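Visitor: Residues or ranges marked as FMN binding site in Swiss-Prot (evidence: sequence analysis): 102, 103, 104, 105.
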């Protein structure tokens with residue numbers, strides 16, 4: 001059975017978000033096409049996603065020195081445990097669907113924090129004599145991103161840092177089979193917003209058949 005993580009990073013629901021509407025349309029179609037698969041929703045705004053901070057570095061330092069989990073402070077234990085949960089869930093999945101908005105040329109900070117939780121040496125990638133090697137080969141990912149302007153092509157494509165960063169991190173951990181759906185231009189062309197949304201939903205439903 002294939003396990004799919006539906007990873008969202010938007011405080012708004014599908015009623016208030018173009019990206020979430022497309023994301024939910026995709027996952028509904030995916031479930032219809034693949035009823036045997038398991039879909040797990042991870043709402044990053046309602047999930048504990050520790051940032052790498054002094055507590056985390058201190059905990060890693062203790063582990064490197066051979067000290068056990070019991071030697072950590074309560075705060076360190078809570079953060080490390082949450083990070084380990086996020087990491088294990090990510091490693092045990094086969095497909096990833098990220099749904100994010102663009103905020104000032106990138107995605108919400110919680111997405112970066114989540115990627116810091118799952119891009120871990122010795123777990124999702126390893127160092128070799130020839131450089132780092134991803135350990136999650138054979139998995140697939142989809143990124144659905146909503147942007148007010150047009151960033152998938154043209155002059156602004158270079159500043160689509162969220163899309164580029166996510167693709168880079170996924171490739172780094174071995175997930176090189178990636179798809180992308182742009183839900184874009186709604187603010188630049190408000191009179192076409194509904195048309196843009198409907199076209200993206202149709203694209204998402206079609207992709208769900210072969211994802």
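The backbone N, Cα and C atoms fix where each Cβ goes, glycine too.
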Visitor: List, in sequence order, the residues of the same chain other than 102, 103, 104, 105 whose Cβ lies within 8 Å of the centroid of the Cβ atoms of the recorded FMN site.
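Guide: Checked against the 8 Å cutoff, the neighbours are 101, 106, 107, 147, 161, 162.
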Visitor: Tell me the Cβ neighbour count for residue 105 (FMN binding site), meaning other Cβ atoms within 10 Å of its Cβ, over all protein chains shown.
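Guide: Taking all protein chains shown, residue 105 (FMN binding site) has 14 Cβ neighbours within 10 Å.
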Visitor: Taking 10 A as the limit, how many CB atoms besides its own sit near the CB of residue 103 (FMN binding site)?
Guide: 14
Visitor: Provide the three-state secondary structure of residue 103 (FMN binding site) computed with DSSP.
Guide: strand
